[in-house]
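Annotation source TrEMBL lists transmembrane segment at 21-40, 63-84, 91-110, 116-137, 149-169, 181-202, 266-291, 303-325, 332-353, 359-378, 390-412, 424-448. Feature annotation from TrEMBL assigns domain 'Major facilitator superfamily (MFS) profile' to 23-448. The region 'Disordered' annotation in TrEMBL covers 228-248, 453-542. Taken from TrEMBL, the feature compositional bias 'Acidic residues' covers 468-478. Annotated compositional bias 'Polar residues' per TrEMBL: 485-495, in sequence order.
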């Protein structure tokens with residue numbers, strides 16, 4: 001009786017991000033998911049020598065396990081987007097955690113390398129993909145003002161888990177063999193289900209708050225009130241509900257929103273990320289072999305990657321804090337461009353390093369720049385497309401990056417085999433990263449200047465990701481005002497009837513003063529010119 005009903009469209013689902021509260025638990029879950037997604041394919045490499053002995057295969061054959069995991073992580077982006085838009089983040093993450101764990105458990109019982117590709121590669125890779133993308137979506141849902149810091153902290157999970165999973169894998173290999181290690185690793189991946197369980201949708205909190213407000217309204221309705229007045233109020237309530245229902249019809253939700261390709265900023269970001277990925281991962285992959293060729297001992301050469309990981313742990317949260325500053329955040333795309341330029345110049349300047357000291361200096365600066373890129377890449381994408389379209393945008397971006405991942409490092413390896421010279425590879429990789437930085441900076445600047453000259457669109461609900469939230473908040477406010485006005489306890493039936501009659505007379509005077517009311521039959525055309533047919537219905541009902 002006059003109570004807002006969420007099922008009838010009165011209470012929209014979008015809610016303003018809380019920037020804290022339960023969001024910190026969501027951030028912790030995203031930290032764990034990011035660590036497993038990026039570090040696990042690299043940590044599995046400690047088992048490759050034992051796999052080569054048991055299955056009588058070469059190193060390139062076992063390396064395909066990690067490659068398949070990464071290909072599934074990037075290439076299944078659109079599939080993840082469709083599932084998230086259809087079922088929500090929490091169910092998808094729970095299924096992904098089960099698939100990732102089942103893949104490693106089944107891999108411990110395999111008898112040939114092909115079965116390993118299907119279990120540890122395809123199944124585990126798909127499970128991690130179904131966890132990684134929804135966790136980033138939920139992070140953007142819970143954080144707005146503190147989102148750069150949240151992205152930086154979540155991205156730090158990659159180096160932290162890499163520094164933990166690799167030594168753990170070595171210990172498990174020595175004590176339980178590769179089969180026991182895979183089995184225990186599969187049990188660890190069940191923690192992804194725990195992370196998925198804490199991804200509570202924000203609309204649940206909204207419904208709880210509105211439920212408390214509705215209880216207050218019901219308490220007011222239980223006060224004694226005249227039957228005719230109650231009938232008049234409910235009639236007015238019903239007409240306004242009918243008006244809102246006509247004004248805002250329900251729209252079907254898109255499984256994958258391709259309209260983001262109309263966003264020039266998204267196109268610029270996608271092209272720059274494709275060029276970036278061609279050269280970003282090449283130096284850390286070839287670094288150890290490059291150091292060995294210059295005469296560095298094996299243990300010291302392996303320690304170079306640890307230096308990059310240690311610097312990366314602190315660089316990502318620090319960069320997130322800087323990106324969250326008021327005078328930096330509006331220009332976060334240029335900060336991202338600077339981080340890529342920094343990384344590319346580091347590769348170029350360190351290409352001729354011929355001793356261990358030079359390589360250590362390279363690792364320090366590469367760790368800083370690599371951490372900056374990792375902390376800002378998804379923050380920039382969220383800023384471009386908004387939280388409403390982020391689920392579709394990240395899926396399409398990861399799919400495009402998958403092609404770059406399959407092109408960049410393998411091509412660099414073939415060039416090394418052909419030229420026997422790492423210096424050229426570092427120059428080439430650094431040039432690709434610098435090119436992506438210049439393209440993003442220049443194109444964003446030109447696009448920004450062009451956007452300033454264009455007049456802002458008027459009342460375009462499809463532009464941007466915040467219009468739905470603003471409209472939802474206005475509807476909630478209107479519903480609260482309407483409920484507070486129509487549920488005040490009346491002292492007597494005569495007072496209620498008198499108020500209703502005064503409202504009807506006031507409406508009639510306004511209609512007569514505006515020029516003669518509405519002729520029958522003109523309908524919608526006259527309603528657009530300023531004649532409100534709903535007011536006539538309210539007057540007749542009274």
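The backbone N, Cα and C atoms fix where each Cβ goes, glycine too.
Tertiary neighbourhood of the transmembrane segment (149-169): same-chain residues 23, 27, 30-40, 42-44, 46-47, 135-136, 139, 142-143, 181, 185, 306, 309-310, 312-313, 316-321, 323-324, 371, 374-376, 378-379, 382, selected by CB-CB distance under 8 Å and a gap of 6+ residues from either end. Counting C-beta pairs under 8 angstroms (sequence separation of 6 or more), the transmembrane segment (332-353) fails to reach the transmembrane segment (91-110), with fewer than 3 such pairs. Taken together, the residues in the domain 'Major facilitator superfamily (MFS) profile' (23-448) have a mean pLDDT of 83 on the 0 to 100 scale.
Beyond the transmembrane segment (21-40), the same-chain residues lying 6 or more positions past its ends with a Cβ under 8 Å from any Cβ of the stretch are 69, 73, 93, 100, 124, 128-129, 131-132, 135-136, 138-139, 142-143, 150, 153-162, 165-166, 185, 189, 191-192, 194-196, 198-200, 205.
Cβ atoms under 8 Å from those of the transmembrane segment (266-291) belong to residues 260, 300-302, 304-305, 308, 333, 340, 343-344, 347, 356, 359, 363, 366, 370, 373, 377, 380-381, 384-385, 393, 396-397, 400-401, 403-405, 407-409, 412-413, 416, 422, 425-426, 428-433, 435-437, 439-440, 443-444, 447 of the same chain, restricted to positions at least 6 beyond its ends. Between the transmembrane segment (63-84) and the transmembrane segment (390-412), the number of CB pairs under 8 angstroms, six or more residues apart, is three or more, so the stretches are in contact.
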